[in-house]
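Report on the structure given below.
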Amino acid sequence: MLTPMVAGGVVFPGLFLLSKNTLQRLPQLRWEEADAVIVSARLVSSVQAIMASTAGYIVSTSCKHIIDDQIQVSSPSAAHEGGESDDTNKATDGQAVGEGRRVKRPGFGTGSCCSARRLPKRRRPARHWLSSAYTQFAVPYFIYDIYAMFLCHWHKHQVKGHGEDGGGTRAPGSTWAVVRGYLHKEFLMVLHHAVMVLVCFPLSVVWRQGKGDFFLGCMLMAEVSTPFVCLGKILIQYKQQHTLLHKVNGALMLLSFLCCRVLLFPYLYWAYGRHAGLPLLAVPLAIPAHVNLGAALLLAPQLYWFFLICRGACRLFRPRGSPPPSPCQTQD
């Protein structure tokens, strides 16, 4: 378990530092530190999202059973040994009968739990190694990203001129003010990351007991929308809201977020219902209450973020000079 986590702890901060230093030091670029930090943080988030969605696709498509994901296999060596055992038993039985001795077979009354004919077949899990390895690899990312988001907020705060007084000296208590502003603005995202590390990761490792890899893979594919979200934030940061790229990216972000984060949960319920032979509306009543509660807690922030995306889309695609429609009149 430690090896993937250590690898993640090296890869994500290392990629951030590499990108930041490259943007700052390349002669053709020479970016300011604030710009380099913000773009590098978005780049790392996009890379992690691509890796997570790829791993999720591989895991979910490799599952043959959405719950147990186990297959019945027969080991060639075991089958060979079983065949030899049968031949030996037959020979021994014939010899015993010829000598007038009673043949005693292993069975329920002899202290043996199974017959020799059942030994060749045994259950072996067919899990993909990514189902456990990537969840461990991604844990350091969420810890890193909390700090990376704070760095982005810090540099935005400095650019706006709130971190220094007129003489260029940092005002007393300004650091704590920035921290409070960061937690106030990004509270939901920080809470999401903390829950992923402190709750979801232990549950996926301990509570699942190797079951439900299909659902885990689908949850990882929710990250498909993240690169579009990151690109949209970068374009807004550099005042590119009215470009064609921003509009195309906004449409893709809206579609991917709807499919991979909002409609994902009804799809998972439908998949379980199909497996269990239940209609979709009967699934919530057939599964444990804590599963429904967990799904609701995960879905709630996705609905909130989707509402924000829809509000931004209304503003983006609304014709200039026309009054805004009533669903989109909410304030930031």
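Note that Cβ sites are derived from N, Cα and C of the backbone, with glycine treated the same way.
Here TrEMBL flags 81-90 as compositional bias 'Basic and acidic residues'.
Residues or ranges marked as domain 'TLC' in TrEMBL: 34-318. Over the domain 'TLC' (34-318) the predicted model carries a mean pLDDT of 80.
Residues or ranges marked as region 'Disordered' in TrEMBL: 74-104.
Feature annotation from TrEMBL assigns transmembrane segment to 187-208 (among others).
For 214-236 (among others), the entry in TrEMBL reads transmembrane segment. Through the fold, the transmembrane segment (214-236) approaches residues 38-39, 42-43, 45-46, 48-50, 52-53, 55-61, 63, 65-67, 69, 131, 134-135, 204, 208, 243, 245-246, 249-250, 252-253, 256-257, 260-261, 264, 267-268, 271 of its own chain, all at least 6 residues removed from its boundaries and within a Cβ separation under 8 Å.
Here TrEMBL flags 248-269 (among others) as transmembrane segment. Note on the transmembrane segment (248-269): residues 215, 218-219, 221-225, 228-229, 231-232, 235, 280, 283-284, 295, 298-299, 302-303, 305-306, 309-310, 312-313, 316-317 of its chain, located 6 or more positions outside it, place their CB under 8 angstroms from a CB of the stretch.
Counting same-chain residues at least six beyond the ends of the transmembrane segment (289-310), those with a Cβ under 8 angstroms from any Cβ of the stretch are 188, 192, 253-254, 257-258, 261-262, 265, 268-269. Annotation source TrEMBL lists transmembrane segment at 289-310 (among others).
Residues of the same chain lying 6 or more positions beyond the ends of the transmembrane segment (187-208) and with a Cβ under 8 Å from any Cβ of it are 1, 132, 135-136, 139, 142-143, 145-146, 149, 216, 301, 304.
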